[in-house]
Every structure is written in structure tokens, then in C-alpha cells.
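Enquirer: So TrEMBL lists the following for this protein:
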DOMAIN    21-140  domain 'PH'
DOMAIN    150-185  domain 'EF-hand'
ACT_SITE  320  active site
ACT_SITE  365  active site
BINDING   448, 450, 528, 555  substrate binding site
DOMAIN    499-615  domain 'PI-PLC Y-box'
BINDING   657, 659, 683  Ca(2+) 4 binding site
């Protein structure tokens with residue numbers, strides 16, 4: 001198709017050796033189990049966006065059926081669906097199903113969402129490295145495309161799909177098919193009018209410059225013309241001062257002339273306009289498509305808050321049963337789940353630890369059919385990925401069900417793998433009076449779990465203790481919906497001193513009321529609350545909960561009935577000052593979106609400073625009654641919805657067309673909760 005405007009330009013890799021390698025493709029051994037290893041042919045399709053896969057032949061390590069099992073992957077997948085490509089036997093599947101001698105030939109493709117990894121073996125180390133390097137390069141290239149370039153790439157891909165006979169031309173029926181692909185429903189008369197307008201040659205099809213003309217008509221943004229025209233006061237262009245006026249009035253930014261000059265230099269495609277320090281309409285559109293123009297305050301993309309406050313003065317991005325990839329009953333456990341959560345900025349991960357075979361502790365959801373992973377593998381993955389997104393401390397929340405012997409193994413693994421990054425004693429000299437700050441704990445790991453004694457005892461001159469003692473086992477399943485007889489049994493757990501000593505700032509204790517906690521618990525002793533109990537406290541005793549969290553940490557976790565890994569709203573708990581509100585990170589839902597939005601600011605550090613009135617021991621703030629105070633500041637939010645692009649289909653049916661609308665929601669204290677929406681646009685016209 002004669003649409004060079006789009007083809008491969010988007011990648012900037014037209015003559016790149018790695019791109020040519022992927023376009024040619026080759027055979028790889030796909031690994032699903034120790035006995036299921038089959039050769040598949042992989043290549044990048046011409047749209048430079050889709051990986052194609054087809055069966056070739058079978059490679060058997062033992063006697064197995066020659067027929068193909070039901071594939072876990074469709075014949076193709078989008079490059080954009082890949083989250084990472086990792087060299088070596090890093091995935092759980094490759095560690096379990098391959099031998100060490102193929103380490104250098106192995107690599108894994110990790111996907112976004114719940115899709116399973118694709119574990120592969122190349123014929124040689126060089127070939128494996130070529131695949132990894134090439135995929136990483138094109139993935140990086142696609143990720144670095146501007147929104148405008150992504151739009152062009154998407155449109156070009158749809159144009160190619162519409163050209164059924166691959167003659168580089170578009171007939172009227174192919175044009176109608178293209179409109180369906182990009183989710184636009186138009187009547188036949190309008191489609192024919194567009195077609196005739198572009199068919200300058202009267203040939204009955206569109207080719208070359210006619211397709212380009214059709215693209216220009218399709219992507220014309222009248223609403224952008226109106227906005228641009230209002231500020232383009234310098235011979236039809238925007239001067240730096242015009243741009244500053246736009247940024248201040250429309251974008252509410254404290255912009256300067258220097259900012260305007262920088263935008264023109266960065267986004268203006270016309271060299272003549274750039275030389276005259278002017279911004280054309282195309283340059284303005286390029287800027288509006290750039291992340292710099294997002295509603296997020298640009299200053300908040302970096303760490304901008306005071307990070308020298310005590311740890312409990314921050315909301316902390318937290319995960320529940322982090323090892324699970326899917327549901328709570330029979331889904332897979334994986335070290336990849338830890339990697340994904342940490343890369344999303346999660347700063348508190350959970351490890352459910354049980355005795356494993358051959359003396360090695362395992363992680364899984366007890367009394368269920370979820371699969372198991374080795375504790376040491378989880379710690380290795382956490383060590384490698386803990387500080388790639390954020391430098392601030394990671395809390396390892398241990399739910400410990402292991403024997404003393406395997407607890408000793410746990411302590412050894414954490415000590416040997418995490419090394420000096422593991423906090424095993426209080427910072428500074430003497431018994432601390434409050435938590436250290438995230439800044440002081442940068443690059444460090446904290447252990448949350450049971451402890452044999454008070455931290456104060458370690459500073460006593462006659463400090464002596466047994467190597468192991470009984471402590472009450474902490475179990476998340478200890479809910480009111482649990483069998484009553486089981487609840488009556490106070491489970492006891494012998495605790496190894498080596499593991500106990502690693503618990504410094506996050507000692508797990510049971511909650512017996514706010515007054516009891518105030519009188520008897522030290523600042524480092526923290527309780528975990530199931531969501532229903534926490535929501536009850538937040539509704540009925542919000543101010544007391546806030547006072548509790550001024551001094552201590554609180555962790556909240558989903559109810560046991562959420563076996564499908566659904567989530568609850570974290571907002572009421574944040575409003576009560578709770579810091580460690582743990583969600584199922586593997587589940588895409590509104591509640592998880594709200595959580596990610598909360599932690600999008602402050603450089604995605606995973607720590608967000610609580611408001612001053614949630615850090616004040618004398619605070620009278622109550623999110624329910626909203627008595628007068630500094631927090632009571634009425635504000636009005638004005639939002640103008642201009643337009644939307646690349647709206648997805650809700651159904652895979654070819655004829656499906658969405659009727660889009662925009663919904664804006666505000667989450668906060670009950671009085672702040674609000675929702676507004678635009679009228680739906682029938683047939684996306």
C-alpha cells in the first residue's frame with residue numbers, strides 16, 4: 001500500500017538489522033511443561049506491531065502424543081501486549097521445566113495483565129540474544145512513540161487489514177470495512193461522499209496521494225482548529241507569548257516564556273516556523289498529544305513531597321497475596337507477580353510461607369489449590385526489581401506458617417540475598433521513639449511479621465531470651481465467616497529467633513481496640529484489619545482511627561470471600577489515615593485504577609504524604625461529619641471535554657460500534673464524591 005507516510009517510520013527502524021531479523025523470523029522451542037516442548041515459527045508481521053506464530057513440528061523429550069494440545073496462545077499477539085523480554089531461565093516455567101545446561105538459550109516474553117508468559121528456547125545462545133535484543137528494541141521504539149505517531153501507526157495497521165486483496169488500493173467496500181475497524185459507523189451516503197471526494201482519478205478506488213488525502217480528512221480536528229485559532233495571534237501562528245497565554249488560561253500552568261520556547265523547539269515540525277520561534281497548528285497538535293500536556297501537574301511526575309517525615313505519615317502502595325497471578329483458590333503463583341507489582345510502584349508485598357519439600361520453604365495460598373513457588377526465588381525476584389520504579393523502602397509482609405527449621409532457612413535466604421539492604425536493627429543509637437523516614441530508608445527492606453519480644457528489650461542490659469518461643473499465629477483467614485470451632489483454637493507458632501530478630505519497625509500484633517493500642521502498644525507494633533472490620537471502624541470511629549494512625553501503621557486486606565481476587569475501595573480507609581491498604585494488584589478494576597491514580601503522583605515512588613490534619617495528634621478531622629477545620633475548603637472543578645480518539649470496541653464483532661461517552665468521577669470523603677458524564681455519541685459519529 002502506498003502509504004509511506006506511516007510505514008515503519010513509526011519505529012525509526014526502516015533499515016535496522018534487528019527489525020529485519022524479526023520480519024524474517026525463525027523457529028523457537030515453546031516450553032509448557034517438562035514433556036511439552038514444541039517447535040513454533042515466530043515472526044514480526046509487516047505492520048511492525050503484531051507477532052505471528054504457527055505450528056511446525058514436535059520436539060519430544062519423552063513419549064507424548066503427537067497431536068497438538070489446545071494452545072494457550074492465539075496465532076498472533078501484539079507487541080504492545082508485551083511487558084518485558086527476559087534472557088535466561090528467569091520465569092517459573094523455565095526454572096521448573098528445563099535443565100541448567102540450556103540457560104543461555106532460554107528467554108521469556110512476559111505479557112501485561114493475566115496472560116501467561118511465553119517461555120522459549122532458541123537453537124543457540126547467539127540466536128536467543130538476537131531475539132531478546134530485537135524484541136526489546138522494537139518494544140522500546142513503540143513505547144517511545146508520541147500519541148500522534150501511535151495514532152498514525154494504528155490507522156496504517158487498519159488500512160492494511162482493510163486492503164483484502166493486497167493491491168495497495170482501497171475500494172469503496174474496503175473503505176467501509178476500514179471505518180468499522182476504527183470504530184466509526186457512517187451511513188452509505190456519507191461513506192460514498194468521502195470516497196468520491198478523495199477519488200480524484202475517478203478510477204473507483206483510492207491509491208497513493210488519494211489515501212493520504214482520505215487520512216487527512218479523517219484526522220482533521222476541527223475542535224483543535226478552534227482552540228488554536230483563538231491564540232494564534234501572530235500571522236496565523238502562535239508566538240511564545242501566545243503560547244504562554246494558552247498555558248496559563250487553559251492549562252492552568254505557571255508557564256514562562258522559557259517554557260514556551262522549549263515547547264516550540266521540541267514539538268514544531270516546520271523548521272522555518274521553528275527558526276522564527278513560532279508554533280504552527282501541526283506543532284500545537286503534536287504538543288497536545290504529548291504527555292507534557294496531560295492533566296497531571298508536571299511537577300508531580302518527580303518526587304516533590306517532603307520525604308523526611310516518619311514512615312507512618314505516608315500512604316503506602318500495597319499488595320495482597322502478591323504471589324498470585326489470578327484467583328485465590330486455584331490460580332497460579334509466580335515470582336512474575338512480584339515483579340509486576342514492584343514495577344507498578346508497590347512498596348509492600350505479601351509472602352504466605354509454608355513448609356516445603358527438601359527443607360525449602362514455599363509460598364502459596366494455604367488450604368487451596370494454588371500452585372507453589374520457592375521462598376528463595378521470590379526473595380531473589382524482589383531483590384532484583386524492588387527499586388527499579390522507586391528508590392523508597394519495600395516492606396515484606398510475612399504470613400508465617402513454617403516450622404522453626406524452615407523459618408531458619410527463610411532468615412538465611414533473606415540475609416544472604418538481601419544483604420545490607422535488609423534492616424535488622426534500628427537506625428541510629430538507642431531505642432527509637434518513632435519511625436525513620438522514607439528518605440532514611442531508601443534502598444532498604446523492612447520485614448513485617450511476628451516478634452518474640454518488644455524491641456525495647458534488645459536495649460536492656462540483661463537481655464536474654466530463648467532461641468524459640470510460642471507466639472500467636474497471624475492468619476488473614478481468621479474472619480468472622482470462618483468455622484466457629486476453628487476460631488476457638490488459638491493457633492500457636494514456634495518462632496525462630498533468627499527470623500524474629502529481623503522484625504524491627506513492623507511487628508505484627510492483634511488489635512484489641514484503640515484505647516488498648518494507645519496504652520499498651522509501641523509505635524512499631526502494627527495490626528492488620530480485614531476490610532469489613534476496617535470499613536466499620538472508618539465509618540463509626542473515623543477520628544479515633546486517624547489518631548491511631550498518627551502514631552502507628554495499619555494494614556488492611558481484602559475479605560476472604562473475594563476468591564476471584566476482586567477488590568474493595570481503598571478511599572474510605574485512606575480517609576481514616578490507614579497507610580497500608582492492600583489490594584489484589586493482578587486484578588484490573590475501578591478500585592485498582594483509583595489506587596494507581598493515588599500513587600501516580602510524587603514520582604510514582606509508592607509513598608504519598610498524608611495531609612497535615614491526618615498527621616496531627618490533636619486532629620479533629622472526621623471524614624464522615626466534616627467538622628470545621630483547615631480541610632474544609634470548598635472548590636469547584638471545571639472540565640471541558642474536547643474530543644476522544646482511538647476508542648476501543650466493546651465487542652470483537654466486526655459490526656460492533658461503540659456509542660461513547662465520557663464519565664468524570666471524584667473519589668474522596670462522602671461529601672466530595674461526585675460523578676458527571678457527557679451525552680453518548682450515537683454510532684461514534
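Residue numbering: from 1, along the chain as shown.
Keep in mind that glycine also has a Cβ here, set from the backbone N, Cα and C atoms.
For the listed features, I'd like the structural context: burial, neighbours, distances.
Expert: Around the Cβ of residue 365 (active site), a 10 Å sphere holds 24 further Cβ atoms from the protein chains shown.
Taking the Cβ of residue 555 (substrate binding site) as reference, residues of its chain lying under 8 Å away and at least six apart in sequence are, in sequence order, 318, 348, 397, 448, 526, 527, 528, 529, 578, 579, 580, 581, 582.
Taken as a whole, the domain 'PI-PLC Y-box' (499-615) shows an average pLDDT of 96 in this prediction.
Residue 659 (Ca(2+) 4 binding site): 13 other CB atoms within 10 A of its CB, across all protein chains.
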Enquirer: Among the recorded positions listed here (320, 365, 450), which has the Cα closest to the Cα of residue 659 (Ca(2+) 4 binding site)?
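Expert: So, of the listed recorded positions, the one sitting closest to residue 659 (Ca(2+) 4 binding site) is 320.
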Enquirer: How far apart, in angstrom, are the most distant Cα atoms among the substrate-binding residues 448, 450, 528, 555?
Expert: 14
Enquirer: Which has the fewest other Cβ atoms within 10 Å: 320, 448, 450, the recorded positions listed?
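Expert: Least crowded of the recorded positions 320, 448, 450, by Cβ count within 10 Å, is 450.
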Enquirer: Quick one: give me the count of other CB atoms within 10 A of the CB of residue 528 (substrate binding site).
Expert: 24
Enquirer: When DSSP states are grouped into helix, strand and coil, how many residues of the domain 'PI-PLC Y-box' (499-615) land in each?
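Expert: Tallied per class, the domain 'PI-PLC Y-box' (499-615) gives 49 helix, 20 strand, 48 coil.
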